[in-house]
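The feature substrate binding site is assigned by Swiss-Prot to K106, L107, T108, R474. The N6-(pyridoxal phosphate)lysine feature in Swiss-Prot is assigned to K320.
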Amino acid sequence: MRDTKKMLNRADELDDLYEAVRALIIPHVRAADEACSLKSAGQLHTDDTQRLQNVLVEPYPPKALQERFQFTLPDNEGNGKDGLMHLIRDVLRYSVNTWDQGFMDKLTSSTNPVGVISEIVLGILNTNVHVYHVAPALSVIEKVTGRTLAAYFGFNSPSAGGISCQGGSASNLTSLVVARNSLYPDCKLNGGSSYQFAIFTSCHGHFSMEKAAITCGMGLSSVVHVPVNDDGRMNVSALRELVIQAKAQGKTPLYVNATAGTTVLGVFDPLHEIKTICEEFGMWFHVDASWGGSIIFSAKHRHKLTGCELADSLTISPHKMLNVPMTCSFLLTNNLSSFYTANSLDAGYLFHDTEDDEVWDLANLTLQCGRRADSLKMALAWTYYGAAGFERRINHAFKMAAHLSSIIQKSPDFELVSPNPPPCLQVCFYYTPGGKMAKSEMETSRRTRAMVEKMVDRGFMFDFAPGPKGDFFRVVVNCETLLGTVEGLFKGLEAVGKQVV
């Protein structure tokens, strides 16, 4: 007979595992905190056993890491708490510690304490924010957060708001679907085979537009890359010429993607001028502000987003500049009804009729059914820091980027690619010992890559990008970056530069 009086002990089990994991993750973060005071030297320090302490990463190539990791999954019984702790310990050990000050590689960096808490809360709730009745509080939070964020960008109509998506690429993809189904409604039923659409984006824009074109069945050939000016901003005259050319070829100009904070140089496209072209030819105007959109919280820097209020849709990803945990992205608009018209379906098993005129079953606005409530992560960060706190953090990051840029500019051994101060938080530059560029692009690229690799052994991780003179350094500063980190980075670069020439 079944034991109907059997009790669950999940809370006790969770408490036990949480305390065990806490004993691993807190030292992981603390190690990064304690290492930050040493970054100003530009090199690693030794521990009591005279071993170099690289809190950032233990670098191994894939095959070597596989051999050391020895990760397998059990065929029969699980490994229990001991096996779990062993695996978590190894994951922490062999992962990049993004909490370390030396992580300056990508547009995303570490999260922060409130970010970790938000992930725990979402894990506890483990619900789907597709229909209101299974996620009432989270649905309200997403609606309010999306509406409030939209208002910051100048979207103030009664139907303004936004939805959260799983990253900037997902937001951009959703915007393209909404654009097609809004401007050409027959596509929702019949597909787009009756049209040869043309999508326009800067040649410095993110590759997610190509991915979106593939996903929507438009193909890579539908994406037209617009040249940029010397400053990296989209050339509006060239855009207009390319639109006219596309029409002459029998194509249907559908959509222009302007970028507010390009991936490499951090440049902001001229939004007002691009909007004028979109109006002239009846195209959807989207702004990809995944990276640069967060400066809307800064009175000092938000002028770079002038014209964003004219967009039909706008992407912002707080998991980048604001250190909200990945993933957290919003697609905002002045007209959420266009999202509903483009994406809603008659699924009676899921969506039930209500007397409320406002859409609360948020899956009707998105491309997804299963969707995590990432908006909570932004909401909790906003509650914790406040808009003023976001502003201070952003202004600090820009100050650090400008300081690094000034150090580079004053040195005879480096040459800036980005202006001083940079438009966003990327500082791009070449190594030019004695003021001389290498004799070939290949040699410049070799030096750049060799220096990047050597800097990992000094506790700094950053990237490089192709340029007209070969690969150049691309260092991304973030809201947590300290002055000593910036100065230590430069000292390290000076030292490793002498080793590669």
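Heads up, the Cβ atoms here are built off N, Cα and C, so glycines get one too.
Sequence features annotated in Swiss-Prot and their locations in the structure.
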{"residue": "K106", "record": "substrate binding site", "CB count, 10 Å": "16"}
{"residue": "L107", "record": "substrate binding site", "CB count, 10 Å": "20"}
{"residue": "T108", "record": "substrate binding site", "CB count, 10 Å": "20"}
{"residue": "K320", "record": "N6-(pyridoxal phosphate)lysine", "CB count, 10 Å": "26"}
{"residue": "R474", "record": "substrate binding site", "CB count, 10 Å": "25"}
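Under the DSSP three-state reduction, R474 (substrate binding site) is assigned to strand. Across the residues annotated as binding substrate (K106, L107, T108, R474), the widest Cα-Cα separation comes to 14 Å.
On the backbone, the CA of K320 (N6-(pyridoxal phosphate)lysine) and the CA of T108 (substrate binding site) stand 4 Å apart.
Surrounding the centroid of the Cβ atoms of K106, L107, T108, R474, where the record places substrate, the chain contributes additional residues within 8 Å, namely D105, S109, T263, K320, Q426, D463, V476.
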